[in-house]
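Step one of this worksheet: look at the structure below.
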Amino acid sequence: MGGGPKAGPKGSQGSQGGPRGSQGSQGSQGGGPKGGGPKGGGGRGRKPGPARPREYEAQIEERNRARHDKPRVKMPKTFGEQEGERLQKVLARAGMGSRRACEELIDQARVEVNGKVVTEQGLRVDPEKDEIKVDGLTVATQSYLFFALNKPAGVVSTMEDPDGRQCLGDYVTNRETRLFHVGRLDTETEGIILLTNHGELAHRLTHPRYGVRKTYLAAIQGPLPRDLGKRLKSGIELEDGYARADHFRVVQNTGKNYLVEVSLHEGRKHIVRRMLAEAGFPVDKLVRTAFGPIALGDQKSGWLRRLTNTEVGMLMREVEL
């Protein structure tokens with residue numbers, strides 16, 4: 001009888017209506033303090049949300065798959081990772097001045113890369129592939145060599161001679177790089193002859209299409225008729241066709257000794273000697289003083305010099321390179 005008062009809270013009836021009865025049994029489904037409350041891992045007083053439809057789940061899964069399968073966009077390289085060399089460094093190495101001077105050329109909009117004017121510093125270029133110009137002249141940034149030799153008389157215009165005669169190759173110290181001679185000079189003719197390892201330039205400089213002018217000084221015996229220049233420019237008939245001079249003038253005259261200048265764009269063998277001989281004035285001595293824009297100047301006989309970057313640019317412009 002004494003156990004009655006203690007039976008209500010924890011007894012069998014408490015499972016139906018006592019303070020811990022009905023709610024305690026429901027807590028096992030997630031609502032009570034010992035079921036899904038703070039100590040059980042659930043939200044405090046939070047009701048479970050509605051279940052998402054299968055179609056919605058499928059859309060999310062498809063969207064996630066598409067995002068992961070999408071090809072990644074290649075981001076531009078950082079400045080330090082970009083390929084090539086800085087433009088001002090390439091220009092300085094090509095002989096256009098100090099790096100600061102080359103930066104000023106860029107600031108002044110005097111530099112072009114692949115046909116576009118560059119005005120911003122830091123552009124990186126490939127000196128072996130990109131075409132770089134300063135003031136409209138191509139800059140020789142590639143590993144090309146360009147030389148002018150004042151060929152002495154008696155030297156054959158070949159890089160090697162099987163008969164052991166003195167040849168152009170004897171005047172080139174760098175024999176590791178193959179050089180081409182641009183055209184030829186007669187063995188007894190002196191003067192400027194160009195050497196390069198730029199095959200396309202060498203080909204164009206001698207191609208009739210580009211008509212590169214060559215200038216000669218010839219020593220002949222007079223007296224000379226007044227119309228000699230006119231005859232040479234009108235054309236002298238030779239065994240292989242007419243030959244015409246572009247320019248003729250008397251440079252010096254001492255008694256019967258004349259020094260005349262003849263310019264022409266043809267490159268046939270012995271062309272100047274044959275023209276003057278056919279006109280009645282055999283040549284005693286012949287010197288080529290200019291090839292296109294490259295002049296012999298005061299370069300000594302037998303001396304080899306490297307062309308300046310400006311000279312190379314003028315040659316390339318001459319033949320549309």
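Residue positions begin at 1 at the first shown residue.
Note: Cβ is positioned from N, Cα and C throughout, glycine not excepted.
As recorded in TrEMBL:
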type	residues	note
COMPBIAS	27-43	compositional bias 'Gly residues'
COMPBIAS	52-64	compositional bias 'Basic and acidic residues'
COMPBIAS	65-75	compositional bias 'Basic residues'
DOMAIN	85-146	domain 'RNA-binding S4'
REGION	1-82	region 'Disordered'
Per-state residue totals over the domain 'RNA-binding S4' (85-146) - DSSP helix, strand, coil: 16 helix, 16 strand, 30 coil
Average pLDDT across the domain 'RNA-binding S4' (85-146), rounded to a whole number: 87
